[in-house]
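A.B. asks: Sharing a structure, written as structure tokens. Questions coming.
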């Protein structure tokens, strides 16, 4: 029997999580919650995704050609877990409803860590999240940093990490964003990313500086890591390549030297919405000098947390007992790391 | 008597150096060399700057209303030094002429280091350049890194430096540049900046990673420095503030949290072309943890090398015997560090 799940909020993350859930052999998407009708709900409806709306709002949706499957109350009565992908801060407000109904809930990185029992990264602390009722999947930059750091820590040992995060200004669908400037985000050190990494790895010595630049495609990280022992480029590449969640690109050899070219590569591969679930690490930008390691990676902000959301559902509902077990399914179904 | 100087090439750097020379009490701008007439030569002409052109080209300039003062040969016969601000690589070709005529020459950072006897940074190696016939003023990013590193090294001691350089894509006057992407520049480590810093400080342990982003205003550097002993924010601020070439901005307090706001500040100050000769270091982005120092600075690529060009002229012609002596004049006249 598939585990019945709902998605509350159908924006950048919500729509991707909903589609991913539908593909999983052990999960059933009972429906999504929409509060106002827009183009995204039309697409969802045409795909056959059941739409649930607040009581009394049915008419507004029917006017645009979307026939709701029922009310939010009805949806929540039929699932065991809600993925709350509403705008940052809204999840904490919604939590009351989940608590009242005894539902498990996933929150996204835009929520404060205290909304959940555990902040989550598959490669770092899957077991810690097993059976937890409230789990927070950390945000895109934090997810990418954690994948990298936990993997390196397990195989080589990480003494400290210093990262410069060059953030995209807006997502592609947004109409607004900074133009022709580089903005401190925030004008202090550390940025919230280091703090967020510590919600999963409290003892890590990490500092992050974040800058926003006028792009929409991907974030770029320059990460300086001090390892616990000397390492080599080959060992680092082998370590990073041990998970499908990180792709080590032979960038220079195949001409991919920018975020726009990574995106074009994903488009050519036929990925839906060009979604890139993987950390993209440039092989030619890995530098090792004894215990000093420099890594440069690109992060697709819209897509990178989707595999972790699926894994977190399995952790909450105990559908998989280990990171390896959930990743085997998630990564194969979503074709993470070009597995199929 | 003022030292007679010519400027060969009248682009972004050439026009600024020419105007700066005209303001100096000990230098005389005998004229500039232009090969083809364009809007910049019209402005120069209206300012009363003598224009020299290749023999036979006088007519082309007269057609657009510019009456040349003479030929390039005549100009070079009347000066003791030429500032070669022609496009990168062209300076090395021009050098033959300077050698033949026994002229001293300054080259810019776009030239290969071996074009000159010394690569130059006022705060690092002024005395090394004294009386040298051929001096190369390093490029904008390198100039900014060297100011910072040499000052910190002198006062606190620098063990190693790791910098991430977020480069502007084009200068404001250019019509072309990258759009909506972050590009590796180059797709390998180190970028040429570390190599260029080493032309002045050969023994420094430095690594640089450079990314290009779609902006035109300023570069931004995130610099991680390991100092030779423990330091403090106050000591770092005091050290950086000891030269007018570096401005420590109380950014958060006065709302300057981006390169565009720094530029607006310079425009409001009435700076010509909003030129910013100083490294702009954000006070609130200085982080110190024992011997570990993080600094974030913005660099105006069009203007930052102008003071160093003036200093290098004085070094070549022995018009000032020390960095302090030349900087006293340069910085007062150009109002570097808002001295007047």
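From the backbone N, Cα and C atoms, a Cβ is placed for every residue, glycine too.
TrEMBL feature annotations, pasted as is:
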type     : residues                          : note
ACT_SITE : B:140                             : active site, nucleophile
BINDING  : B:12, B:13, B:110, B:168, B:301   : NAD(+) binding site
BINDING  : B:139, B:140, B:141, B:193, B:194 : D-glyceraldehyde 3-phosphate binding site
DOMAIN   : B:3-140                           : domain 'Glyceraldehyde 3-phosphate dehydrogenase NAD(P) binding'
A.B. asks: Of B:139, B:140, B:193, which recorded positions are close to residue B:301 (NAD(+) binding site), meaning a Cα within 10 Å of its Cα?
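C.D. replies: Matched recorded positions: B:139, B:140, sequence order.
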A.B. asks: Counting every protein chain present, what is the number of Cβ atoms, excluding its own, within 10 Å of the Cβ of residue B:139 (D-glyceraldehyde 3-phosphate binding site)?
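C.D. replies: Residue B:139 (D-glyceraldehyde 3-phosphate binding site) is surrounded by 21 other Cβ atoms within 10 Å.
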A.B. asks: In three-state terms from DSSP, label residue B:168 (NAD(+) binding site) for me.
C.D. replies: strand
A.B. asks: Would you count the other CB atoms within 10 A of the CB of residue B:168 (NAD(+) binding site), including those on all shown protein chains?
C.D. replies: 24
A.B. asks: Translate the DSSP assignment of residue B:301 (NAD(+) binding site) into the three-state scheme.
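C.D. replies: Note: residue B:301 (NAD(+) binding site) is coil by DSSP, not helix or strand.
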A.B. asks: Rank aside, I only need the closest one: which of the binding-site residues B:13, B:110, B:168 has its C-alpha nearest to that of residue B:193 (D-glyceraldehyde 3-phosphate binding site)?
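C.D. replies: Closest recorded candidate to residue B:193 (D-glyceraldehyde 3-phosphate binding site) by Cα: B:110.
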A.B. asks: Around the C-beta of residue B:301 (NAD(+) binding site), how many further C-beta atoms are within 10 angstroms, looking at every protein chain?
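C.D. replies: Within a 10 Å radius of the Cβ of residue B:301 (NAD(+) binding site) lie 23 other Cβ atoms.
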A.B. asks: So, by DSSP, how many helix, strand and coil residues make up the domain 'Glyceraldehyde 3-phosphate dehydrogenase NAD(P) binding' (B:3-140)?
C.D. replies: 55 helix, 33 strand, 50 coil
A.B. asks: Largest pairwise Cα distance, Å, within the listed NAD(+) binders B:12, B:13, B:110, B:168, B:301?
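C.D. replies: Site span for NAD(+), by Cα atoms: 16 Å.
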A.B. asks: Just name the winner among B:12, B:141 (the binding-site residues) by count of other CB atoms within 10 A of its CB.
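C.D. replies: Ranked by Cβ atoms within 10 Å, first place goes to B:141.
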